[in-house]
Amino acid sequence: MELFDVTIIGGGPAGLYSAFYSGMRNMKTKIIEVQPILGGKVNIYPEKILWDVGGLPPIQAQHFVQNLINQAKTFSPTICLNTKVEQITKQGEIFVISTDSGEIHYSKTIIVAVGGGILNPIKLEVEGADKYAMSNLHYTILGLKRFQNKRVLVSGGGNGAIDWAVELLPVAKEVTVIYRGEQLSAHESQVEKLKQHDVNIMLNAEIQSLLSNRNQTRIAQVVISQNGNSLLLPVDDVLVCHGYQREMSLSFADEIKPNVKDDYYLVSHGQCRTSVPGVFAAGDIIYYEDKVNLLAGAFQDAVLAVNSAKLYIDPKAEKYAMVSSHNEKFLEKNKDLVQKCDLQCLT
Ligand SMILES: Cc1cc2nc3c(=O)[nH]c(=O)nc-3n(C[C@H](O)[C@H](O)[C@H](O)COP(=O)(O)OP(=O)(O)OC[C@H]3O[C@@H](n4cnc5c(N)ncnc54)[C@H](O)[C@@H]3O)c2cc1C
């Protein structure tokens, strides 16, 4: 039985930054992530360019994730991938974490950083849709190049759909957006960009059926119903962004069930503490007034959760971590960086 100071459930931005910060506070740290890769939701928009992370120039999400992973590994936390946490119980002072592989993990504290849970895209409910999932029916975009000069139909009117439609504008030959509602619900400025580019936006419209090519391997045309009429649209690719179904796999034993909001979010009782002593939360999973569901918000939560975990284990510890320039391990690492002239981040 190897006992950890902190076990972080979820290896998205909140979990990764928690791991870094936990190392800075000299705690023995483990991350458990259900997916085969770290990075969380950011992996569903790898080519998106992020402009809104403090101190970073515009950066593609996939590079941002890699930086985040490298940073999380600074203090060599234990990382368990492909491992779904199923249940958390408590034996005396120790949390016992059961996983789908049958492995049991032991920890003095827990930081829950499971974001929106395990996300599965809501599938297109049209007969035969599944058979195109390997060819030209998509639920996210893993690389924009593939859509070069293509006629792309985007189904959906929320941020996911409209963000992708905007990203496709300089790449695709033609972008059509269909949405069953009366008005697109995405961010105004993004909708404006679509309108400026004369994108064909069809409201009160939805996919009725898919017509295949002669070999039955790809979608060649889409039958769209709009206001009671049926229209035929030739396409090269169809992108469906109808949101995600959330699988909250994680459960707590009755005696350590944290307070939740809307049957899901862990309610913060200040400093990212849940109602259960020793259980903390960070990122999209936590609820408090003024919570910001952005990367910047996840980082702030991580700092608070880690500091709270540190004080839970050692009530006499400093309330906050020292700034990084005061950390002894960094003094050594800084010498290496200077020697290697790897001063990118210092210039
Ligand atoms: C399309 C889109 C675009 C976005 N664009 C931006 C942007 O431009 N700027 C910005 O600041 N924010 C953006 N965001 C928001 C940002 O991605 C999230 O706020 C951030 O990812 C939250 O991080 P998190 O670690 O809390 O959760 P997540 O990223 O959801 O990570 C949670 C992790 O926990 C894992 N997990 C879940 N359940 C279990 C379990 N039982 N056991 C083990 N592991 C588990 C999941 O697999 C996942 O890896 C965007 C979000 C989306 C969906």
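Backbone N, Cα and C define each Cβ position, glycine as well.
Per TrEMBL, the feature domain 'FAD/NAD(P)-binding' maps to 4-300. Look at TrEMBL and you will find Glu33, Lys41, Tyr45, Val85, Leu119, Asp284, Ser325 tagged as FAD binding site.
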Non-local Cβ contacts of Lys41 (FAD binding site) (under 8 Å, 6 or more apart, same chain)?
Gly12, Gly115, Gly116, Leu119, Asp284
CB contacts for Leu119 (FAD binding site) [other CB atoms within 10 A, all chains]:
15
According to DSSP, folded down to helix, strand and coil, what is Ser325 (FAD binding site)?
helix
Report, as a single number, how many Cβ atoms besides its own are within 10 Å of the Cβ of Asp284 (FAD binding site).
25
Sorted by position, what residues of the same chain at least six away from Tyr45 (FAD binding site) have a C-beta under 8 A from it?
Ala61, Thr140, Ile141, Asp163
Do you know the mean pLDDT across the domain 'FAD/NAD(P)-binding' (4-300)?
94
Give the number of CB atoms, excluding that of Glu33 (FAD binding site) itself, located within 10 Å of its CB.
25
10 Å Cβ neighbour count around Val85 (FAD binding site)?
23
Mapped DSSP class for Glu33 (FAD binding site), helix or strand or coil:
coil
Could you say whether, by DSSP, Asp284 (FAD binding site) belongs to a helix, a strand or a coil region?
helix
How many other Cβ atoms are found within 10 Å of the Cβ atom of Ser325 (FAD binding site), counting all protein chains shown?
8
Name the secondary structure element type, per DSSP in three states, that contains Tyr45 (FAD binding site).
coil
